[in-house]
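Here Swiss-Prot flags 2-160 as domain 'Obg'. Feature annotation from Swiss-Prot assigns domain 'OBG-type G' to 161-338; the stated evidence is sequence analysis. The GTP binding site feature in Swiss-Prot is assigned to 167-174, 192-196, 214-217, 284-287, 319-321. Per Swiss-Prot, the feature Mg(2+) binding site maps to Ser174, Thr194; the stated evidence is sequence analysis. Residues annotated as domain 'OCT' in Swiss-Prot: 359-437.
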Amino acid sequence: MSMFLDTAKISVQAGRGGDGMVAFRREKYVPNGGPWGGDGGKGGSVIFRVDEGLRTLMDFRYNRKFKAKSGEKGMTKGMHGRGAEDLIVFVPQGTTVRDAETGKVITDLVEHGQEVVIAKGGRGGRGNIRFATPRNPAPEIAENGEPGEERQLELELKILADVGLVGFPSVGKSTLLSVVSSAKPKIGAYHFTTIVPNLGMVRTKSGDSFAMADLPGLIEGASQGVGLGTQFLRHIERTRVILHVIDMSASEGRDPYEDYVSINNELETYNLRLMERPQIIVANKMDMPEAQDNLKAFKKKLATQYDEFNDLPMIFSISSLAHQGLENLLEATAELLAKTDEFLLYDESDLVDEEAYYGFAEAEKEFEITRDDDATWVLSGEKLERLFVMTNMERDESIMKFARQLRGMGVDEALRERGAKDGDLVRIGKFEFEFVD
């Protein structure tokens with residue numbers, strides 16, 4: 001039996017852009033040929049694609065690092081370097097992707113073939129042909145390729161099911177799924193026979209169909225991690241209707257109504273929104289002695305919790321083993337699904353603003369200035385660091401261009417205001433230089 005894995009932590013790194021080239025045209029009969037260095041190729045992006053054939057995140061158990069290839073360097077004759085191919089990572093339907101550092105949801109992948117760029121490849125550096133001007137017709141300037149984005153991610157699989165079966169262990173959830181669908185869950189006369197979610201397609205006599213999930217049994221304290229805990233509670237979140245299965249024969253010695261209250265408390269504690277989903281109470285094992293008396297007592301206790309303004313949940317008496325009452329239950333479930341919309345899984349505040357992430361923020365902070373214990377001034381900031389890594393420090397003209405960019409950003413003036421003096425050391429990353437006032 002293959003293992004069921006529904007969470008994973010991975011890292012992804014997009015490819016770096018290829019470096020631009022410094023080259024000059026040198027051909028017979030072409031005097032003053034000018035610059036001829038081409039741009040570097042784009043780095044490969046990391047793209048997640050949904051594959052309906054996958055059922056778990058098992059592929060990520062041992063393969064946790066995904067790195068796309070870098071673009072090729074620019075070439076002479078103004079030719080661009082070859083762009084790297086994107087790295088396609090296949091994930092199962094129902095995979096939620098979060099930023100591990102912020103906890104924000106990046107994307108929710110539910111449709112077969114759906115694709116999302118998770119880490120964007122760096123752009124290629126410009127070759128010297130791009131920097132030619134009337135004042136400098138033969139520039140010895142080329143950019144390094146831009147680094148690709150790097151992210152730490154948390155993947156979470158929540159199976160796609162219209163209906164979820166919940167209840168204590170051994171109340172008959174797996175048996176119910178096995179008789180109303182072609183699913184073959186493991187069934188046994190002991191607790192936690194079901195240790196992974198099972199999914200089956202149900203078709204009613206009237207022709208309606210829906211996906212039903214049998215989830216591992218819950219016990220008191222599950223929302224705090226007791227038993228199988230929250231490990232599988234997450235799979236209920238995508239369901240639109242909950243079938244709350246109760247052993248009305250009380251064969252385990254528990255009170256059916258207390259079971260009902262206890263499970264609902266766990267659902268509410270785990271995620272308050274789960275209680276927004278309509279529930280149908282499935283009174284199972286009604287072919288057993290005392291089940292009828294227990295059902296009467298159950299209904300009496302349940303009625304005390306509702307008033308004239310709140311409708312009692314629907315209750316269906318069934319016996320999965322004897323195949324009794326199943327048709328009415330399934331028809332009612334299909335009718336309830338037809339008038340129940342999808343539920344929002346996340347608040348907007350939980351979602352990453354991808355436009356802002358990919359550089360369309362209204363105000364990007366250009367740089368910050370701090371001072372180390374050794375009195376070195378330290379420059380940081382996304383824009384400044386991006387300019388720095390794309391500067392070819394082996395060429396004087398590139399360094400001079402970077403110095404002009406710093407002045408244009410106001411770095412020199414800001415250093416003076418902070419008290420920097422001629423000859424002070426300034427550091428960007430691992431690169432150090434002297435401040436010249």
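The backbone N, Cα and C atoms fix where each Cβ goes, glycine too.
What you are looking at is a predicted structure, and each value in this text was computed from that prediction instead of being measured.
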Report summary line: Here the 10 Å Cβ neighbour count for Lys285 (GTP binding site) comes out at 24
Query - Ser174 (Mg(2+) binding site) and Gly167 (GTP binding site), Cα-Cα, nearest whole angstrom - result: 11
Query - Where Gly167 (GTP binding site) falls in three-state DSSP terms - result: coil
Requested in this report: Quick one: of the binding-site residues Pro216, Lys285, Ser319, which has its CA closest to the CA of Ser174 (Mg(2+) binding site)?
Outcome: Pro216
Report task. Using DSSP, break the domain 'OCT' (359-437) down into helix, strand and coil residues and give each count. Result -> 32 helix, 17 strand, 30 coil
Report summary line: When each of the binding-site residues Ser174, Ser319 is scored by other CB atoms within 10 A, the minimum falls on Ser319
Query raised in the report: Where does Ser319 (GTP binding site) sit in DSSP terms: helix, strand, or coil?
Result: strand
